[in-house]
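Participant: As annotated in TrEMBL:
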- 237-290: domain 'PAC' (DOMAIN)
- 291-361: domain 'PAS' (DOMAIN)
- 364-416: domain 'PAC' (DOMAIN)
- 417-488: domain 'PAS' (DOMAIN)
- 495-545: domain 'PAC' (DOMAIN)
- 539-609: domain 'PAS' (DOMAIN)
- 668-697: region 'Disordered' (REGION)
- 676-689: compositional bias 'Pro residues' (COMPBIAS)
Amino acid sequence: MTEKARVAALKAYGILDTEPEPGFDAIARLASRLFNAPYAMVSLADAERQWFKAKIGLDAPQAARDLAFCRHALDLPPGEVLLIEDTALDARFADNPLVHGPSSMRFYAGALISDAQGVNLGTVCVIDTKPRSRPSDDQIQGLRDLARLAMAELERRVAQAKLDEERRLSQMAESLAAAGRWRFDADTQAMTWSEGAVALLGEAVRGRSAAEVVAALQLSQREALEGLAREALQNGAAFEHEISYVRDGEQRVAVVRATRELGPDGKTLGLTGVIQDVTDRHQVLRGLRRARERYQLLTDNMADVVTRVRFDGASNYISPAVEALLGYRPEDMAGRTALDFVFPADLALVQDAFARLSAGEEVITVQHRARHRDGHPVWVKSRMRLVRDASGAPSEVVTVIRDIAERRALEARLRASELRAREVIDNAYEAIITVDHEGRVLDWNRMAERVFGWAAQETVGRPLVDFIVPERYAQARTQGLRSFLETRQGEVADQRLELIALRKDGEEFPIEVAVSAAETPEGWRYTALLRDITDRKAQTEAFENAFNHAAVGMAQVDLEGRYERVNKAFCDITGYSEPEALGLDFQSITHPEDLGGDLERLDQLRSGEADSFVVDKRYIRKDGQVVWVSLSVSVVRAEDGRRATSSHKCRTRPRVSWRRWRWSVRQKACPASPRSSPPPATPPRPPIKPSRSSWPI
């Protein structure tokens, strides 16, 4: 046995550092008289000290173990005696101050105090200041007997402590458990009751015979109880029986336990036993039964699988929903462990969860694959909760298992969608910037890097207005952005705006901005699509210059035929001023014989059958003169790809009978067909072939 185990065995007796006790003091006195020695001790060897439970001739309560003689006795077999006739001649004590100091302890005899397991706890020893010859065998045996008495006294202390504890617990149990003790005298038929029993049953039982008690308490099952009592008195058969009784008009339930009491001669003296009120327990049990029935109903009918699994892997319960999930009925899974139904690749994950629960972790949720009866994996989420037994130790795991195959598929599709969206954003031909509710940049795509000159890592986390808004606009834009972020309304909401932006190198340039807002779990997010329109602005200016100064007539016409814009050359050809022309449509100045063909061609443009055409036709000038023109018409598409308006180019030819127009069209939503006109009187023209080469950019 190790020294640590020996010290633990000693401490289990609870003897160290206790007050002196008469039994041990008597042993020390007897040892001193037996050897006529000035010193005698009942010594117990702790880890670092020798402590004296009883002592003669010494004042100190203990001594350092390194100096103690008895430490050498501890190495002997149990019950042996260590004799040192002259310590000064023993090499083990050559430097011991107890041998050579003022006390001059020269003789030592110590008998081991050993327990039933052979553990040496200490010694009963005697010491003299002078060397001695070997003691007589009777003295040595007497010292052994005193050591056994010391051990018996230690055991008696333990037994007495247990008895006192049992008595205390018995009294406490009577009070806490609504229980009491009773005795039935077989000769006198008298009943005696403990105070706990009287408190339980009432004063009506005090001083009453058994028959009177039965009547007073209105006991149910009286005949069965009397039969059990007779059997116990005759044959010694102990019994336990549940009874109903009435106290203060209330029906209550109690458990009666009894055993036969015998005298020294073996004669039956009576019965002794206890009675415990279990009314509250019965009510709790009824409630538990109802709760269990409700729980069973719930678990048997819920879509999730519910299991109760012990830590050895065996299942205490599996709900019927497992058949829909894994193809097994609960009875098919009997005799197999829960891990048998885990997909092999995820076995370590589930085993780790069980290990953590067995170590005391309360709740663990894991996603893993279970194995279906046909062998394919089924993705599930298992929420495991630890259940402890009455002592608080982990006993089993209750698991709710949910099928998440569909959810994981949705998550996979969502991840794929997010990846595609990320790729679209990263590769978009527009700068795309996302900010949070404080206006700080969250996302900055590659086109934004190209347009503004800032790398994404330079912008994320910074306020957007700090680096893309010219200083002269910063205050107004900051206020406008703050207002929009707070109200999600303002000048940039649900529309496209042209603004001036700033590149990293300080260059200012025009941009077109469109902003959308979305609420996320992290708060509102705002995404802006920004397009550098420097080239478009230049093209627009060039077009405007060409439109206004062209040598040929040009007009912009909507799909109803109304003039939206006209240039000077057009006014010169038709004879109308610009304000007058803008109040007209082409139908009103087209020669009646040419109108049917024009309307037919307009329908082709609207329906998409043609994107452009060239035709010779007649217009009627303001002064009534008929003028021939060469008309060129092409569809111009809006940014969303739909047909919007039409732009006309026309010119007159040198010959009096011919004028030529060119007409090009931009688009909005296609309106209803304009009014129809009678078919032209002129000979039919060849069909128009759409010209794909004139599609706008």
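Cβ from N, Cα, C; glycine included.
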Participant: Find the average pLDDT over the domain 'PAC' (237-290) in the predicted model and report it.
Facilitator: 81
Participant: Of the residues in the domain 'PAC' (495-545), how many are helix, strand and coil by DSSP?
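Facilitator: Each residue of the domain 'PAC' (495-545) counted once, the result is 12 helix, 30 strand, 9 coil.
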Participant: DSSP says what for the domain 'PAS' (417-488): how many helix, strand, coil residues?
Facilitator: 43 helix, 11 strand, 18 coil
